[in-house]
């Protein structure tokens, strides 16, 4: 390090204050100088270090096929250093300058982290050699002696901090301690260990560990409750440099090194640093459909590009939406060894004042009044669950914890959310940290449709208690299918347990307004429903509205359909269809009405997720009562086709071919294709100026796969008029 950079660094350091003897130790990357000769006082003139036992070499058994990475399930990391998990022994070999004599020679190991290593903070760990290893405690014992070499088994504590340690061997002589020279090749990463019973992240099911820690590809479920869609996401937690990038996030969040053994703390700071709000974190969110100077959220195929770009530039990567935040967060957790999964909540409430109620205000025509309506229903929202014990909560609240990196609301002054115990949310125990009331509202709110009377009273026309949080899903273990986990979050709608959980949540301070103080007299003898025909992007389709009059009276209704192009967050961009009609409702009968939606009406304003929101309201003329109903729908978006050519063998060249046919009645401009597959090829991008209507684009990429086994190729297409176009292919790469 040059003098000028050192001087700059000294200037950057916060001045010492009266409270701390040392500056904060919150960077895994910084180091201190460790003396090779540490004298006990004056060293006599004839002292020659070479007369004593000397370390010639340290062998770390750090290759992927060697004992350490195999036993510690870290053989997939594309990283030349030793990577082990805490609470489980690993092996090293030390070659000395002569045979080791235990009677007279004394040596020990030192593991150091950060710039100010301290024993009581867990950042300086001296390990003496003993005869037995105690489970889950730091220790070392000699397992083998041969000529000048010894083999050691080293046990890291099951609660030690995680990150990158520097290793030294120290030898005691009468006048000084002699240490090995600083050698980055012996640096050792220690991670969380879901295989170790004493670790806070211990998970007892091997299939779940394979999925939630070792699987580097996942599925994101999106779309909406009526039309569930899925796409693959490459987590890539084992790819080159990703582990260092994940450790850097904790430095960026200024998490003290001494707190890095605690998964609760790590999740809490990570949920803030994953988004760029208030701390210049990893991803800048954008929900307004303009993505200048950045990548559209729908174009990303995985986390690796995002993490590596952030690690090198230290500037937020543009742009993300909820599944991007959740995908990157999942990579971070799995990379450090915390079991994690990506969750989708369909019809997710974003309730601005956490009162378990979303207010939609209707105007006199029965349309939603966008000025008064502040709450929104997201078609879906993605967050993460991380698996850990919660010693800070009463017994029973460990296990899956909700963590969410998408910036929605502040928590303790920062945009972050969690960890909140899923079990506590289910039972309404929302008093337990962190952010349980917010998550409880996301899955349990009611929707109130009301209008303002002339005298200013709020008249509730309809309450929908079942729309929010209808379906909560994640990828199944060991397959690409969907696993429903709604009942992990809530009891069956209308059951006694559900009512009790709600009363508990209200008791613990979740605000819930009663309906008693509001005028609410719905029309009970007429039902209204509507269906939206499934349609492919660029085609016409129809909406069918059905009334059922269960009374003996004749009624007439004035009905209004409003078609809106919406962001997946439920926020309206534009109303593209207004249609009013009158309906005669005969006694004890049903009647249906079709409204045709032409492609020319919606194509010019379409947003990337091809998402529509229809509101149908009908006023019964004889009673003045209003019926209201809303539904989101999504158009079918064409997909990319992926094929391979040549032998699929690790280390041999093969070809991947991506094809796309433009189905729209227009030319696609500014087209970008991305392709990636962990273990097969790093992300590749290619730009095409345009794809004319009805024409097909073909792109061939040559690559050399590195890892055998079942791998997944993932591609995305992005253009001005069309986004969220994906394709994927499972490929079996053979061993050479």
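Every residue, even glycine, has its Cβ placed from backbone N, Cα and C.
Pulled from TrEMBL, these are the features on record:
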REGION    1-40  region 'Disordered'
COMPBIAS  1-13  compositional bias 'Basic and acidic residues'
DOMAIN    314-407  domain 'Transglutaminase-like'
ACT_SITE  322  active site
ACT_SITE  381  active site
ACT_SITE  404  active site
BINDING   444, 446, 493, 498  Ca(2+) binding site
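Features recorded in TrEMBL, as mapped to the structure shown.
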residue : record              : Cβ within 10 Å
322     : active site         : 27
381     : active site         : 28
404     : active site         : 31
444     : Ca(2+) binding site : 23
446     : Ca(2+) binding site : 20
493     : Ca(2+) binding site : 11
498     : Ca(2+) binding site : 16
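A straight line from the CA of residue 493 (Ca(2+) binding site) to the CA of residue 322 (active site) spans 27 Å.
Residue 498 (Ca(2+) binding site) and residue 322 (active site) are 28 Å apart (CA-CA, integer value).
Between the alpha carbons (Cα) of residue 381 (active site) and residue 498 (Ca(2+) binding site) lies a span of roughly 22 Å. For the recorded Ca(2+) site, residues 444, 446, 493, 498 set the reference point as the centre of their Cβ atoms, and the other residues of that chain within 8 Å of it by Cβ are 465, 466, 468, 469, 490, 494, 502. For the domain 'Transglutaminase-like' (314-407), DSSP puts the residue distribution at 15 helix, 41 strand, 38 coil.
Among the binding-site residues listed here, namely 444, 446, 498, 444 has its C-alpha nearest to that of residue 404 (active site).
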